[in-house]
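Here is what TrEMBL records for this protein:
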TRANSMEM  6-39  transmembrane segment
TRANSMEM  51-83  transmembrane segment
TRANSMEM  95-120  transmembrane segment
TRANSMEM  132-150  transmembrane segment
TRANSMEM  170-192  transmembrane segment
TRANSMEM  231-250  transmembrane segment
TRANSMEM  270-289  transmembrane segment
TRANSMEM  301-320  transmembrane segment
TRANSMEM  340-358  transmembrane segment
TRANSMEM  365-387  transmembrane segment
Amino acid sequence: MKTHHYIFLTTLLFVILFYDENMGLNLGILGVVYALLTFYKTVKKNKTKVFNLLFAAGIISSISFAWYGDFASFLAVVTSLLLLSFKSRNRRLTILFLIPVFAMNCFTSVFRIFNFDAWLPKRNVSGIWQKTLAFVLIPLVLLSAFFGIYSAGSDHFASIFTDFELDINLWQVLGLTILGLFIAFNYWNYAVERFIYKNNRMLDNHFQDKDKIQKSTYSFLDLDAERMSGVVSFFCLNILLIFFIITYNYEQFYEVSKTPAQLSEETHERVNAVIISIVMAILVIMFYFKSAFNFDPKAGFLRILAKIWISLNAVLVFSAMAKNYEYIISYGLTYKRLGVFAFLILSLIGLALTFIKIQKKKRNVFLFNTMAWCFYGTILACSYINWGGIITSQNMKRRDFAVEYHFTNVNFGEKYLLKYADEKNDIALKKKIVRKIESKKSSTFLSKNLYYETLKE
């Protein structure tokens, strides 16, 4: 099949799946079809390990959305399919170009879509297709357009067709066709500008020979002075961080206990301070190890001090993790508290990658290239795992279990709430949960979330 076949096929499928439907199982089906067609269309040399993993992620993300239908699953489907499409044609391009490429295409596609010679077959279409286009499709489009114009200008003309009813919402079909064509065109026929290919080398993880030449960053500061500046800076920062870790842990674990509200506010403030501190620490290291000092034989002590600072920052992260864990033990799980763990784990990964950057002499962009994949992995983890179910099942074991909070603010915990209602013989709660499940099950087939179909009322 040619590109235009994929565009028209997926546009038609989009209209069929979403006509008179809400998002649910239909998006999962569409995502699976897009992934399978992309795999079939991709040439063998581009089917790398990364591509195959993205293909699997695209399928699983689509199934996840069909199961849950939440925002995390939607984000996983979109990012997985965009990455799959990107890598199917550009196996060497870094994924940092993904957003610029597709953002640019979203704006330019409005004009490119009318450049028919660029994406439709240039040969003359013969036989039945030519006759269908010439004698049916083109006259039908023109007839429909002028019928709408004349109906708006004459009530008597419009009244001729009053008794004729067509059980199809033409405006909805038109809107879905335009949206489906926009999505399909940008997915199958996106353009990568030449300047992006030229600048791909700028985002390579490895240094070039010219970067290994020993030279100072600024004309007013020679190399020896800059190196000594780094040594003094990291030495002072290490001393400062040691004192901060001591006071930070004393305030967290030894001060007089506070009310839950005060503890919550202080915990989030301290975690934010830790995350900002980690980001600043990585930026400082990126500044000193952006080029020449990675290969400077006299910068051994500077590298040691930088690694010590990374290790001390890791200690700070573990301290924040310990406090957040203690907070969870005392007051239970919530999305925010799990989110704190996610950000702290990403901070640890960032520190580990910074250590690898210094040890393996990588460019600064190595951190961005690798962390982009880490953020993508975080999206997948949020999508595939029923965190709401985990929160509900764990908090059920607590004496202060807030039933109403978990019913209204925690997603996909109905299975455990039904179990809790049976254990407590709470008939009113069970009826409320059953009503919610029944309302979800009452959706049309393509709008369903499969999670609720598995629940026994």
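Including glycine, each Cβ sits where the backbone N, Cα and C put it.
Taking residue pairs at least 6 apart in sequence, the transmembrane segment (51-83) and the transmembrane segment (231-250) share fewer than three C-beta contacts under 8 angstroms.
A Cβ distance under 8 Å defines the sequence-distant neighbours of the transmembrane segment (301-320), meaning residues of its chain 6+ beyond its ends; these are 227, 230-231, 234-235, 237-238, 241-242, 244-245, 248-249, 252, 270-271, 274, 277-278, 281, 285, 288-289, 293, 340, 344, 347-348, 351, 354-355, 358. Same-chain residues lying 6 or more positions outside the transmembrane segment (170-192) and placing a CB less than 8 Å from one of its CB atoms are 3, 6-8, 10-15, 18-20, 34, 81, 85, 89-90, 93, 97, 101-102, 105-106, 108-109, 112-113, 119.
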